[in-house]
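Per TrEMBL, the features are as follows:
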DOMAIN    A:60-396  domain 'Amidohydrolase-related'
BINDING   A:140, A:207, A:228  Zn(2+) binding site
BINDING   A:151, A:231, A:232, A:239, A:268, A:324, A:325, A:326  substrate binding site
ACT_SITE  A:290  active site, proton donor/acceptor
């Protein structure tokens, strides 16, 4: 494939594309890394494409966006401190095989030194053949509830004793952070949320014992997301539905959509619970993998943050215990599992991994969609939603079979 | 004039598409010899475009050496409006075929100088060597392109103010709000279409039966502009059964009797003038001499 110039015009044909909530029998046109309007080019510029790519009836979806991923392929972002840049590179590259074109490397509760060392090294950067786009770091903790610590090490969990100062002291720099997961019931959490909002950092509530009104207050102060719904929060109770109740709360501004991450790996969330979430609040559903170092690896013992973890029967446990500590599922699997479990449409399943996370991050004008002028990050899928190839800024960065016939 | 009566609307689409296919193939266009087509919009030709796309995808026809000129376009309607003819042509035809956009000509209803736009259009048709085959549809009032009743039969490409009837009929395409319907259009004239080497007009549905009757059974009249084509040396009208409802039985029977001849027009090795095999002719003449 020749290296295209900025004016190089590509037409992908023999395909269906996901656009405006529909699967359309349309061609996709790309130039200079962006999706372009072929009708406008036809009449204004009167030019033909430089290259036509036969997609052989593939379905083209926006590339998948994973807002919560702790590592993979033996790499653990929270633990491999000295080699974190290489680690992020490795994961970013390998994620392309799963159709993921953007992700938020996620750090679990860690000591302050870890944040000080690691955060400056995980810079936001554009994707390409080197790997998926890094949207920013998701810091999950340490401002969480000890009771709902999950796989987070208790000794590093903190409160906001000094308000926002506690947070800046802990992370040292906020520059590379795009998401903070915190427990809203911690004293001073609401003022911290307001401060983070001013800095354009998204707030997710989770690892929490918050009741519904704590959750509603957090949302009113600017929280927009719930971290891995059902996991590490109070179970749904009919007199106090807890954070789960945010999905149907009437006490939050009506124009505001609450997004929630959900791990549709078939293990962390029961299919019935997936259905409950999907049916009550489909437009807020965001598929996340919460994958750990064991993603892409065989059974065995690995390192996650401060713990040894063990992968057996396709599940990841804290070694020697029955505590689940993150998934080993990849995103395209989650999309397929979610669709099967809920019986939702292909559009809904794909949007939960594309449009919804992009909206949650307010980047849906350029990512998570195949609209004109959006970035040409996309994935070609077969009928069973298996990944055939992955494209970033209009360039092929992964292909399963190398079977794209190029016609000039 | 030829009148081809098809049993169904679908067959009108197929017949007309096959005829276009045949004409282009026989013409053998190449980089030095472009085939120039005049094209209509609207509901009637949709099926023909679908068929042509089908033939293209099956590898039966390329549009690489074809130039097109469209009949008309609304004035001051955004080009990407779903009712604009630019939108129609791109989405129903051009995007599915291999035509070079440089060879496509549609009047620009947003041009700063509309008169000049029309004159340029006429000039470009001449420059392309004239139109080889102009395809058109008609309205129930017998208008061809936007040449509504009363248009001069010698008219050329121009700005046309649309009749109240037309605005009312078109309101359904603009959210049933007559104020949103463009009040002017650019259109080729009757004379412009008359200059084409051949004209093929598609007429379907009982609501157009009266117009078909006016087109072929009565005299040339500017109140039914399609009737002008009685004076064109090569006019082909393709209609369905419903469109013949106002014709005389005699007229219908006359043209149906010619259907075998008409069918030759679209056969791959068909010839428009059927001849008897040579030995039949020779045998007859030998018999006569004895």
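Cβ atoms here come from the backbone N, Cα and C positions, even for glycine.
TrEMBL labels come from automatic prediction, so no person has curated them.
Overlay of TrEMBL annotations on the structure.
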{"residue": "A:140", "record": "Zn(2+) binding site", "DSSP class": "strand"}
{"residue": "A:151", "record": "substrate binding site", "DSSP class": "coil"}
{"residue": "A:207", "record": "Zn(2+) binding site", "DSSP class": "coil"}
{"residue": "A:228", "record": "Zn(2+) binding site", "DSSP class": "coil"}
{"residue": "A:268", "record": "substrate binding site", "DSSP class": "coil"}
{"residue": "A:290", "record": "active site, proton donor/acceptor", "DSSP class": "coil"}
{"residue": "A:324", "record": "substrate binding site", "DSSP class": "strand"}
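The two recorded residues, residue A:326 (substrate binding site) and residue A:228 (Zn(2+) binding site), have Cα atoms 10 Å apart.
Counting only the Cα atoms, the space from residue A:228 (Zn(2+) binding site) to residue A:268 (substrate binding site) is about 9 angstrom. The number of other CB atoms found within 10 A of the CB of residue A:326 (substrate binding site), across every protein chain shown, is 33.
Here the domain 'Amidohydrolase-related' (A:60-396) has a mean pLDDT of 94 out of 100.
Within 10 Å of the C-beta of residue A:324 (substrate binding site) there are 20 other C-beta atoms, taking all protein chains into account. Spatial neighbours are here defined as Cα atoms within 10 angstroms of one another, and by that definition the neighbours of residue A:325 (substrate binding site) among the recorded positions A:140, A:207, A:290 are A:290. The Cβ of residue A:231 (substrate binding site) has A:150, A:263, A:268, A:269, A:324 as same-chain neighbours under 8 Å, each 6 or more residues away in sequence. The residue listed as 'active site, proton donor/acceptor' and residue A:207 (Zn(2+) binding site) are 13 Å apart (CA-CA, integer value). Cβ neighbours within 10 Å of residue A:207 (Zn(2+) binding site), excluding its own Cβ and spanning all shown chains: 30.
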